[in-house]
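To keep things clear, I will list the structure first and then write my remarks on it.
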């Protein structure tokens, strides 16, 4: 049982703001992902929860207890580091056993617990090896086993997959998802990879420059981004964003005219996702422009046109073929549109 | 042409090996010459008549009845009590290495992990002290030592040698610690260690090669030191190097120079052993690869 509360948590180094006024309650057994570009304060937040970084202001509460002044060892958390941080002088068995040993857990139970943890991450055959003799994926699994062996209250994972190659990342991601389901322990997971966030999280916190941009389920974040930053950060490709003018429900800019929008007025940024739009017959779509690039993705063809300074992508059927420079017409219905104030970047069509 | 392509590197190989062999002989020659000469009498080793006497041992045979003699060794070790100097050197080295490594590992670790600016300035000041000639420190210490009546004793020399040595050990260990990722300490701390336990159980085992290398350098500094030990120790407490110098300083008596030669060989031999025993640790990259992902 561990509920984590962050109350007005701040981290400053001199005048530099690392994390600005972070408020969040993480429910027991929740899988929370902190997502954002590098330097957004997500790792700092996690390190503050772990106790590796002091909190400048505010309170961190784990299980109803303020832990601000507790050492990392007294917070009952386990952490997986990006670099894995395995102890090079110990073999895999001793690495996994280390937390039990230093915490004075009854030695009679060590062997059974180490073997259970290593079995969970399929490391049984490597227990006698030194970390230097393991592959990246195996090292990563040792780090996981070392975290789960103690059955802590909270798991912290700091970009655990970023040092793995693409293929291994997918399988390890699945393994982490399965593990977290099995263990049902509150988990905080830091990543800059939005696919990891979407696939793993119960809830995602999107951060930028130390400020929380949006908190929500992966679906909410994807379907209703709260501002321009989230809209442009989440999704592959990111959401198409077009600057224009909105007047009486009509959004207009070069080559573009979308009618039937029911809120907003003035300078507006309109967004829609590539897979929501579709190609229209000549002249019938809301956007008509020459093709800028055309990319064959295998399962689809991605067509981009230029509207002002932004590139607008649309997913077309995989059999669609055209030449660069050909005129296309794109259907953008009001239902798929997201409206943001150009000035503040905030969503306006709620 | 295959044969020509193979021939050229072979010639190059021969030249390279020849250069290496010549260099090795040139480098090792003085040591072997001294070792050989230490078993002769002064008349042979420093012969004015014929330098080949040292090879044939003419005077040695005439004086002792044999081409080799251990007179130099027995004279130095027994008659002049060089064993006392050797014991003093052992004590000085043992304490200097122990003290400066203890302070150096703790301080170097603290400085390597410190996030404050003063750590940088501290190290810079240490570097300046390291660059100063040791003799400048000694001249400043001497009047105080006389006044406190602690001049001439081994502990005094140990303190001064530690003071001279400490900046260097701090620097060296600091950079070794810097190479160990901070993730390791932090991981250990999350796993349940206090800061000190993390240092002892996780960092120190990874640091062994660095500690041994640094320890060896501070050992050599203490072992080879002349300036400090010659100025600070009285005749009773002399270590080996000043003792050798005192053999040379009294050339009125015949044979004392040979005591010095024998003492030089006795002083050098342990160094060879030491380097051979620890060469693996000195060169080792034990942590490389294991620490990094």
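Backbone N, Cα and C define each Cβ position, glycine as well.
In TrEMBL this protein carries:
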| type | residues | note |
| --- | --- | --- |
| TRANSMEM | B:12-36 | transmembrane segment |
| TRANSMEM | B:86-111 | transmembrane segment |
| DOMAIN | B:86-276 | domain 'ABC transmembrane type-1' |
| TRANSMEM | B:118-142 | transmembrane segment |
| TRANSMEM | B:154-177 | transmembrane segment |
| TRANSMEM | B:198-223 | transmembrane segment |
| TRANSMEM | B:257-278 | transmembrane segment |
Positions whose Cβ lies under 8 angstroms from the transmembrane segment (B:12-36), at least six residues beyond its ends: 54-55, 261, 264-265, 268
Contacting positions for the transmembrane segment (B:154-177) when only residues 6+ beyond its ends and CB under 8 Å are counted: 88, 91-92, 95-96, 99-101, 103-105, 107-109, 111-113, 123, 126-127, 129-130, 134, 137-138, 141, 145, 203, 207, 210-211, 213-214, 217-218, 221-222, 225, 228-229, 232-233, 237, 239
Among B:86-111, B:118-142, B:257-278, stretch most in contact with the transmembrane segment (B:198-223) (C-beta, under 8 angstroms): B:86-111
